[in-house]
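Trainee: Before anything else, here's the structure in question.
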């Protein structure tokens with residue numbers, strides 16, 4: 001006689017206790033099952049036979065007692081080893097079929113092999129062969145709702161045999177079938193028993209139980225009879241699989257599975273679920289899409305604005321310093337920078353050019369047109385200092401400056417507003433204040449220098465003419481200074497500071513700034529603005545993440561039975577965790593990609609509306625990464641909840 005494959009000794013199972021009444025379902029069950037046996041466990045509803053099957057199939061653990069499988073104490077096995085047993089040793093056939101609704105017949109049959117790490121080609125071939133053997137060759141692509149009850153039960157039998165099905169646990173396999181389909185299922189079980197499979201049949205129907213070699217009766221959680229027949233000979237080749245199980249258990253051969261195959265299956269299953277629930281998926285995606293699109297667009301607008309302002313400021317030169325007298329306060333009088341100071345600064349070796357500036361808003365007239373423009377008195381270094389060339393005509397000369405000539409160089413918008421678009425104003429006159437000035441040149445378009453000031457609405461006249469004819473003051477409003485080396489602006493600033501302190505009897509009655517510092521300050525301001533815009537947009541991404549978590553929690557609740565089915569077919573906790581985490585991440589990835597596409601389209605529209613937009617690859621990748629991380633973070637809790645479900649409770653959930 002062969003050694004028992006399954007040994008139960010004084011198995012007890014109780015529920016409740018402490019805060020609720022204790023209910024003992026199994027009371028001291030002891031039995032042995034040998035390789036090749038066909039055993040029927042018979043009992044009325046509530047007798048404990050299904051609980052016994054769950055313990056035999058490693059779906060549940062007994063409260064007390066000993067369960068040895070192939071010589072190993074099952075109590076010593078961890079959750080992964082129990083999953084291995086369910087995957088490699090057992091095959092379940094349930095009364096309610098327990099097929100995954102979103103999968104085809106073939107996909108349902110292949111499930112145990114996926115968790116076993118079987119290569120796809122081998123897996124597909126075996127599933128098709130099993131379905132063909134069970135008369136379902138033409139139904140491989142059908143989903144459960146497209147199959148009859150008998151066909152669904154045959155699919156579940158094929159699934160039980162996918163990894164070998166050494167031990168078939170059939171719980172009321174004919175209970176939901178008509179007599180013809182029930183007879184077909186029992187004939188299949190008879191055939192499997194004759195091939196050496198251990199068949200454990202759970203039923204309340206004694207006529208069905210009579211097909212077994214051995215009948216065990218359970219009543220009120222106790223075994224009341226056992227009509228054990230003679231044990232099958234262990235010499236039969238079909239029974240050698242039991243020895244193989246013992247050897248693999250002894251070696252600790254716990255199959256890890258092929259992570260690539262499992263990941264592909266997880267992705268495919270996730271896509272199926274998303275496609276089946278398209279409307280709900282779209283609503284969930286909306287939060288992620290809006291979040292990602294908002295982040296990308298906001299950062300692009302901020303970056304575009306920053307680049308535009310920086311370009312405009314840099315266009316005036318980064319080697320320029322500005323000098324002006326300090327404003328008077330209640331504590332001390334104001335300072336004045338004189339033309340003599342300007343001349344002294346021009347002698348410094350660090351200074352390339354120096355230019356006094358006097359100016360203000362004045363009424364300008366030409367014909368019937370009149371408007372206020374900024375009029376600045378400058379010297380001939382204006383184009384060089386501000387990198388601002390004349391595109392038509394000429395700039396005024398040193399002779400004009402020396403004589404105080406009433407000549408003017410105008411900006412592009414002064415030209416269009418006072419003379420009309422496309423006109424030639426050269427040689428014509430503008431009445432500035434009450435003084436006529438002849439237009440001798442037109443400056444290149446420059447745009448806004450900072451804020452809302454438009455540099456093209458500017459008129460440049462000789463400093464001498466402005467100070468005498470227009471403003472009545474010889475002292476400059478401020479002084480523009482160009483350093484020889486833009487990399488040594490700070491050194492130039494220090495030299496000017498020392499010179500002026502000496503000239504002003506040690507007083508620091510002047511302010512000296514440089515464009516490089518202004519550009520850096522503006523860059524910091526723009527960066528802060530971009531971060532603020534991104535943070536505001538990120539809130540919508542957070543809301544989208546909460547939506548993902550909400551929908552995943554709902555999904556876990558809806559698919560609790562599916563989780564139980566996967567566990568019964570050998571899925572480990574990490575497999576379930578991976579499955580639902582993959583769904584959450586895929587949801588976020590699809591939302592992220594869609595959000596980026598929409599953001600690019602919105603950005604294109606903003607560009608057409610002449611709004612500065614600059615998409616930065618790091619910002620796009622960062623937004624996508626945030627979407628994925630959102631899926632991981634907000635999908636982890638629902639996935640962990642799914643992985644921690646009790647297999648028995650999951651299978652019996654509605």
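Count begins at 1; order follows the chain as displayed.
Every residue gets a Cβ built from N, Cα and C, even glycine.
Feature annotation from Swiss-Prot assigns ATP binding site to 43, 44, 45, 46, 47, 48, 49, 50. Taken from Swiss-Prot, the feature domain 'ABC transporter' applies to 6-245. Per Swiss-Prot, transmembrane segment is recorded for 282-302, 529-549, 596-616, 617-637, and the stated evidence type is sequence analysis.
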Trainee: For the transmembrane segment (282-302), give me same-chain residues lying six or more residues beyond its boundaries with a C-beta closer than 8 angstroms to one of its C-beta atoms, as numbers and ranges.
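Mentor: For the transmembrane segment (282-302), the list is 526, 529-531, 533-534, 536-538, 540-548, 551, 587-588, 590-592, 594-596, 598-600, 602-603, 606, 611-616, 619-620, 623-624, 626-627, 630.
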Trainee: For residue 45 (ATP binding site), which DSSP three-state class applies?
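Mentor: In three-state terms, residue 45 (ATP binding site) counts as coil.
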Trainee: Cβ under 8 Å to the transmembrane segment (596-616), counting only same-chain residues 6 or more beyond its ends: which ones?
Mentor: 289, 292-293, 296-297, 299-301, 303-308, 623-624
Trainee: Please compare the binding-site residues 43, 46, 48 by how many other CB atoms fall within 10 Å of each one's CB, and tell me which has the fewest.
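Mentor: Each of the binding-site residues 43, 46, 48 was scored by Cβ atoms within 10 Å; lowest is 46.
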Trainee: Can you list, in sequence order, the residues of the same chain other than 43, 44, 45, 46, 47, 48, 49, 50 whose CB lies within 8 Å of the CB centroid of the ATP site?
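Mentor: Neighbours within 8 Å of the Cβ centroid, excluding 43, 44, 45, 46, 47, 48, 49, 50: 204, 218.
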Trainee: Mind giving me a neighbour count for residue 49 (ATP binding site)? Other Cβ atoms within 10 Å of its Cβ, every protein chain shown.
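Mentor: Taking every protein chain into account, the count is 26.
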Trainee: Taking the Cβ of residue 44 (ATP binding site) as the centre, how many other Cβ atoms fall within a 10 Å radius?
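Mentor: A count of 12.
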Trainee: Rank the binding-site residues 45, 47, 50 by how many other Cβ atoms lie within 10 Å of each Cβ and give me the one with the fewest.
Mentor: 45
